[in-house]
Ligand SMILES: [Zn+2]
Ligand SMILES: [Zn+2]
């Protein structure tokens, strides 16, 4: 895994807009293709900061941002990269196998024509993958994660499903008959990167570019739960596919973002698996074997007697302003969340950078710590009564682990490592002090209720 700061500011920013040349992005070998997505993380931050500045200037921060929602989106993005190694073989492995054994043509990896053909075909593959992710319930179970935010800002772009990639690869497989794997892998990354900047309400319209490109306006419609927005604008980079296949809809009424039936949870694991659970329960209760099968394969709104995609009349009406899921949290908890999210991200970056050198035990421990910590932050954001207990447990765990590490690993007793350990001790020690009284208060309330 490369470091975060491999690209200069101009190159890193250009990459987010697919403004790259074939010359600088064509590679002969798969292992030479950079991890553009990971290297883009600082530039995601840069653009998000710019968006925040414009939003503050417009005095629309409260309307367009909610910290727990943004943390929830960032968490989903981190989980995606954290579990990337699980699916690497599935995504590119099948592609390489088909290309090596069954290719019908050999396009030159260094030809600009190969680059252009692949750009168009990856985007077409994305359109159909995305469309099927909305029209087939079992595929929607993965993709709904991306639509689960009721906000629409750049952090929403990072809210991705862990399971989506187990679906995506098959839609790109036909390209393996001719396109070299490194060119495909590069374009697949840029196709994803391009879709970051379109998740914003800051840009209204891009004039004539709206005819060809997928833009913030078109993608806002895609994220809408208004009736006119349902199952529209599936494009990745080029909106022409929606115009060609009859799924295009321009932005008209103000869009209300999120799922038709909002999740109302910031639990990162529940967000990922909840619709699979719903499908299984629905299929279990559905009479008839064929109907059970259709629950998996027809649209998310399908019921017996309805068309394949369900009925548009079943989509609830929109009333302005639509209430959003925003649990009431004290101001200090926002500061707490920011500090602890920063600590988790620090550990996450160190973990991802050294992943290849870690033992299996260290990898499992690191992943468990990161996932558990992010789940605890989710519980705080949901204002769950269990959150104080989880935080005391997590903080004590870190303090014990730190004490063990500093006693047994001499390298930890020196220089910058020691400073980091002092800071960690302070942060987690204070956390125990903050949450212990809350635990007592929850227990007292329960006791009073029982009496
Ligand atoms: Zn979608
Ligand atoms: Zn999106």
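Just so you know, glycine gets a Cβ as well, placed from its N, Cα and C.
Taken from TrEMBL, the feature transmembrane segment applies to 36-57, 78-98, 113-129, 329-348, 360-380, 392-413, 419-437. TrEMBL lists 115-247 with the feature domain 'Fatty acid hydroxylase'. What TrEMBL lists as domain 'Alkylglycerol monooxygenase C-terminal' is 334-401.
Secondary structure of the domain 'Fatty acid hydroxylase' (115-247), assigned with DSSP and counted as helix (H, G, I), strand (E, B) and coil, comes to 85 helix, 3 strand, 45 coil. Non-local neighbours of the transmembrane segment (419-437) in the same chain are 336, 339-340, 343, 388-389, 391-392, 395-396, 398-399, 402, 405-406, 412; each lies 6+ residues outside the stretch with a CB under 8 Å from one of its CB atoms. Helix first, then strand, then coil: DSSP counts for the domain 'Alkylglycerol monooxygenase C-terminal' (334-401) stand at 60 helix, 0 strand, 8 coil.
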